[in-house]
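Q: Starting off with a structure, shown below.
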Amino acid sequence: MRLCAGLLLLCFQGCLSLTGPGSVSGYVGGSLRVQCQYSPSYKGYMKYWCRGPHDTTCKTIVETDGSEKEKRSGPVSIRDHASNSTITVIMEDLSEDNAGSYWCKIQTSFIWDSWSRDPSVSVRVNVFPATTPTLPATTAILPLVNSGQNLRISTNVMFIFQLWSLLSSIQFQVLVFLKLPLFLSMLCAIFWVNRL
């Protein structure tokens with residue numbers, strides 16, 4: 001039974017090693033903050049913020065050096081808060097060109113093959129004109145004065161973004177299509193051998 005628990009832990013180890021808000025929003029000329037949570041096992045690794053439709057081809061904007069010091073590249077800064085396993089990215093002086101797909105990523109040193117990927121999570125950045133009176137209900141930073149209907153819509157949209165981020169994660173795909181079938185096969189073999 002301990003073997004089964006150990007194998008199950010191995011299967012789920014990389015699945016949720018890095019999580020993020022899914023989507024954040026801000027105004028032109030303003031700033032926004034993104035916080036991504038990572039597994040404590042990645043403490044001391046370099047973290048970075050990159051832009052692009054895919055995590056494997058995104059262009060690095062700013063990165064840490066493995067310490068907790070804030071690093072800056074133009075209007076974008078990143079800081080690794082190792083004490084609570086959080087990466088904080090701040091984008092300032094926003095323009096509509098800043099809207100798009102970004103990634104929180106962790107630089108790992110044990111990747112040797114094309115099947116492995118750095119742990120990453122997608123974050124959609126929305127930038128709205130400064131004349132907009134309130135942010136749409138799809139933002140991660142809703143004011144509490146919104147009606148309950150907008151809050152329910154926001155919660156549903158955020159869940160969909162987070163679910164899509166999980167499903168597009170290579171760790172999740174490896175879990176579902178490789179580790180889980182292998183685990184189930186080994187579990188069946190154990191039960192079959194014990195039955196004899």
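Glycine too: its Cβ is placed from the backbone N, Cα and C atoms.
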Q: Could you pull the disulfide partner of Cys36 out of Cys4, Cys104, going by Swiss-Prot?
A: Cys104
Q: Rounded to the nearest Å, what's the C-alpha distance separating Cys36 (disulfide bond) and Asn84 (N-linked glycosylation site)? Just drop the number here, would you?
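A: Given the Cα positions, Cys36 (disulfide bond) is 11 Å from Asn84 (N-linked glycosylation site).
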Q: Could you give the Cα-Cα distance between Cys104 (disulfide bond) and Asn84 (N-linked glycosylation site), in whole Å?
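A: Checking the Cα atoms of Cys104 (disulfide bond) and Asn84 (N-linked glycosylation site) gives a distance of 16 Å.
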Q: Can you count the other CB atoms that lie within 10 A of the CB of Cys104 (disulfide bond)?
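A: The answer is 28.
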Q: Under the DSSP assignment, what numbers of helix, strand and coil residues are found in the domain 'Ig-like V-type' (18-122)?
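A: For that range the per-state counts are 9 helix, 51 strand, 45 coil.
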